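Peer 1: Features from TrEMBL:
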type	residues	note
COMPBIAS	45-54	compositional bias 'Acidic residues'
COMPBIAS	287-326	compositional bias 'Basic and acidic residues'
COMPBIAS	330-339	compositional bias 'Acidic residues'
COMPBIAS	536-563	compositional bias 'Acidic residues'
DISULFID	C167-C201	disulfide bond
REGION	45-64	region 'Disordered'
REGION	268-345	region 'Disordered'
REGION	520-570	region 'Disordered'
SIGNAL	1-26	signal peptide
Amino acid sequence: MELKMRLCVALLSLSLCLGLMGHVRAQEEADDMEMDVEDAIDDMQEEDVEEEEQQAPTSPPVPTVTYKAPEPMGEHYFAESFDKETLHGWVLSQAKKDEIDEEIAKYDGKWEVEEMKDTKLPGDKGLVLKSKAKHHAISALLLRPFTFDTKPLIVQYEVNFQTGIDCGGAYVKLLSQTPDLDLEEFVDKTPYTIMYGPDKCGEDYKLHFIFRHKNPKTGEFEEKHAKKPDADLRSYYTDKKTHLYTLVLNPDNSFEILIDQTVVNSGSLLNDMTPPINPSAEIEDPDDHKPEDWDERPKIQDPDAVKPADWDEDAPAKIPDEDAVKPDGWLDDEPEYISDPDALKPEDWDEDMDGEWEAPQIPNPVCETAPGCGPWERPMIDNPNYKGKWKSPMIDNPNYQGVWKPRKIPNPDFFEDLHPFRMAPISAVGLELWSMSSDIFFDNFFITSDRNVAERWAADGWGLKKAAEGAAEPSLVNQMITAAEERPWLWIVYVLTVALPLVLIIVFCCTGKKSSASTSAAEYKKTDAPQPDVKEEAEEEEAEEEEKSEEDDSTGEAEEAAENDNKDDSTSNEVVHLMLLETHRKCYILRLYKQMLFRFCSNMNTFFFFT
């Protein structure tokens, strides 16, 4: 019984673990909030007591994460957190786009430095694109130009689509260092070296990485696009959370694209760009033409084939069924449709303009009970003698020469650039965007050549946002309820999760065989039902036997005691064996339930991660 009670308690504990997880998490968040509130109360004790009595009691939510502006801790080329609440150092474009209507050519979209609308980190400011369906352009110079030589380039910044995104971009341009660079004239055609960041229109979710490669032979620039990421990017545009976008370019021509410090795309500038960096060594000869007698037909009709004499091309595909018989009761003289006797000619009907009026046709009511009305015709069936138009069978073409291709010649424009990383130097960063969505939030731009420095900047900026957003997320129980409201079938999963352990507990703890009054002593010990102590009964029997056998000799007493011990030993061995079997069975049931519960918890964690 003691073992059974322990097993029951273990089952109850396992069945309640899921419910307690959400409660514990919510309680921890509540404790954190209480600690912050107590700190705030201590700071307010120095204020005037009279003002506190006059004002209505309010309890604004106190953030669990305190914001501190990030500070660059190593070598960098650009760092901007917008925590000075101004656009100092940034230049708004005063230019107009070419070749479009005058009304929309201006870069008159508004920019503001402000907090996010639903900020979880008060005090954290960012650059916000405010206008919808407007052209926006803003840029800033780097601390010093970046030259692509022996050091890597790391570019990272944060984006939050506060109201979602319908059609528009949030990418940055790293502007090329040129003598005539004027930030006030920043437009879409301003030379740039790299364009990187998210872009979306319709259901096309993009993450651009484009760089302009200079042809060493012609000196012209051509855009090279990175391959499309294999990862699903949809959630980054729709979850209204702040995401960290990072681009890493290495001197060995490798690149990495990261979102929230997780690699979503990687490759080589030499092998994973479109069009490729280096052209083909050979090209098709534009002056080569296919000969007139070149035969590309793999199959031809057999010229020796002859149509069989019995082939009838005029035979119809369908013929009347000669075996068909007109059904009994068919009304040959009744039309299938008749004029509606209840129809009346409209009062405004003009026969000179509309012609002679005729009542609309309706199904003949007489035909409703008959197999059919009107002239009976035999049904049509497939003609067994139909063969269709005869065609010659196809045979292999003896003159087949294959698919013609022009000959290859050396490519006059061929070059080989084995170091595409050595791009044009950059001297400014800019945002040149058009969007159908407003309130796009940008923050914590950072350009460096040291990855450790970039990671520290990310931890001090984006890391705080992530922690604050995580602290504001609902508990596991609330997430389960919200998910079930969106997907009602989840209630079935929850009910089964609770009902299954309860049923196992009832079956395991509350069922068993009942012993009858006529059960023998040996059978009585095979069950788990309460029973008298074996030792106590044995002692009472031994005491009675001692009183009755006081006059017997010592030899008889010894033989009787030995016989009783042998019986007790055999019975005890059988009971121990049965108890071990029962314990093994119950442990097996517990192990199965534990595995089922572990799999369910794993699946639920995976489900809430993706939803």
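Glycine is no exception: its Cβ is also placed from the backbone N, Cα and C atoms.
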Peer 1: Take the Cβ of C167 (disulfide bond) and count every other Cβ within 10 Å, whichever protein chain it belongs to.
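Peer 2: Looking across every protein chain shown, the total is 14.
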Peer 1: With an 8 Å cut-off on Cβ-Cβ distance and a minimum sequence separation of at least 6, pull the same-chain contacts of C201 (disulfide bond), or say none.
Peer 2: D166, C167, G168
Peer 1: Could you give me three numbers for the compositional bias 'Basic and acidic residues' (287-326), the DSSP helix, strand and coil residue counts?
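Peer 2: Tallied per class, the compositional bias 'Basic and acidic residues' (287-326) gives 0 helix, 6 strand, 34 coil.
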Peer 1: With helix taken as DSSP H, G or I, strand as E or B and everything else coil, how many residues of the compositional bias 'Acidic residues' (330-339) land in each class?
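Peer 2: When I sort the residues of the compositional bias 'Acidic residues' (330-339) into the three classes, I find 0 helix, 4 strand, 6 coil.
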